[in-house]
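**Q** This is the feature table in Swiss-Prot:
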TOPO_DOM  1-15  topological domain 'Mitochondrial matrix'
TOPO_DOM  35-40  topological domain 'Mitochondrial intermembrane'
TOPO_DOM  67-72  topological domain 'Mitochondrial matrix'
TOPO_DOM  106-128  topological domain 'Mitochondrial intermembrane'
TOPO_DOM  184-190  topological domain 'Mitochondrial intermembrane'
TOPO_DOM  224-232  topological domain 'Mitochondrial matrix'
TOPO_DOM  257-261  topological domain 'Mitochondrial intermembrane'
TRANSMEM  16-34  transmembrane segment
TRANSMEM  41-66  transmembrane segment
TRANSMEM  73-105  transmembrane segment
TRANSMEM  129-152  transmembrane segment
TRANSMEM  156-183  transmembrane segment
TRANSMEM  191-223  transmembrane segment
TRANSMEM  233-256  transmembrane segment
Amino acid sequence: MTHQTHAYHMVNPSPWPLTGALSALLMTSGLAMWFHFNSTILLMIGLTTNTLTMYQWWRDVIRESTFQGHHTPTVQKGLRYGMILFIISEVLFFTGFFWAFYHSSLAPTPELGGCWPPTGIHPLNPLEVPLLNTSVLLASGVSITWAHHSLMEGNRYPMLQALFITIALGVYFTLLQASEYYEAPFTISDGIYGSTFFVATGFHGLHVIIGSTFLIVCFFRQLKFHFTSNHHFGFEAAAWYWHFVDVVWLFLYVSIYWWGS
């Protein structure tokens, strides 16, 4: 690195992409084992290896950016493009779920009773827990923006306060969603309605958990003075991701909970 004459970061060989791929294989295989054979051993191994991989990979990235100074403006620009492309890929991912929902609901087949929701399905009231969930996520969108502006202005404690509120709202949303699933009068196996409802809202819930984890990492980094007003892409990426999760929920609420009921 002493003879480097360019602004790019030549990453050292790392085992984490390999362990990450292995943990993803174990998790997906474990999920299938859990569904079909009611065994959670493989799933737990996958979750454990995935958690360890995330911790150590994040640790290495923090070392490279904060302590070794490898994240030059050029590198940060590349990371920004990468995050934008990742969010675009997530948009297309959710587009598939919305497509399945509208394909099924706009022209219900005779097997569904020719109506939507299908005969025998009692949908959730969109003005109860789903509306509260919407309020919680919109409030978290406001608080993450407050945290971002506080960081850009160099106000450390308001930033920590706003970030903590955002994390708390994210956890609250997850608990509300879990209670809604527990009390829902239909299951994932109740035809196309149950499938589209639980897959779309379930993947969104997974993204909320991922986003909350991302924000928790940012919270602890801010406690250790890792972010400055002009060098904080880790937090910025987390904020972008959180806003994406917010917008997806608004589409889910309007489509599946409100119009679909």
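Placed from the backbone N, Cα and C atoms, the Cβ positions cover glycine too.
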**Q** What residues elsewhere in the chain lie close to the transmembrane segment (16-34), defined as a C-beta under 8 angstroms and at least 6 residues from its ends?
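**A** The answer is 40-47, 49-50, 52-54, 56-57, 60.
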**Q** What stretch in 41-66, 73-105, 129-152, 156-183 has the biggest tally of Cβ pairs under 8 Å against the transmembrane segment (233-256)?
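**A** The stretch with the most close Cβ contacts to the transmembrane segment (233-256) is 129-152.
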**Q** For the topological domain 'Mitochondrial matrix' (1-15), would you mind checking the mean pLDDT of the predicted model?
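**A** Taking every residue in the topological domain 'Mitochondrial matrix' (1-15) and averaging pLDDT yields 78.
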**Q** Using a Cβ cut-off of under 8 Å, list the residues of the same chain at least 6 residues beyond the topological domain 'Mitochondrial intermembrane' (106-128) that approach it.
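**A** The answer is 180, 184-186, 190-194, 253, 257-258, 260-261.
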**Q** Do any residues of this chain, six or more beyond the ends of the topological domain 'Mitochondrial matrix' (224-232), have a C-beta under 8 angstroms from a C-beta of it, and if so which?
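**A** Beyond its ends, the topological domain 'Mitochondrial matrix' (224-232) has Cβ neighbours at 62, 66, 71, 151-154, 218.
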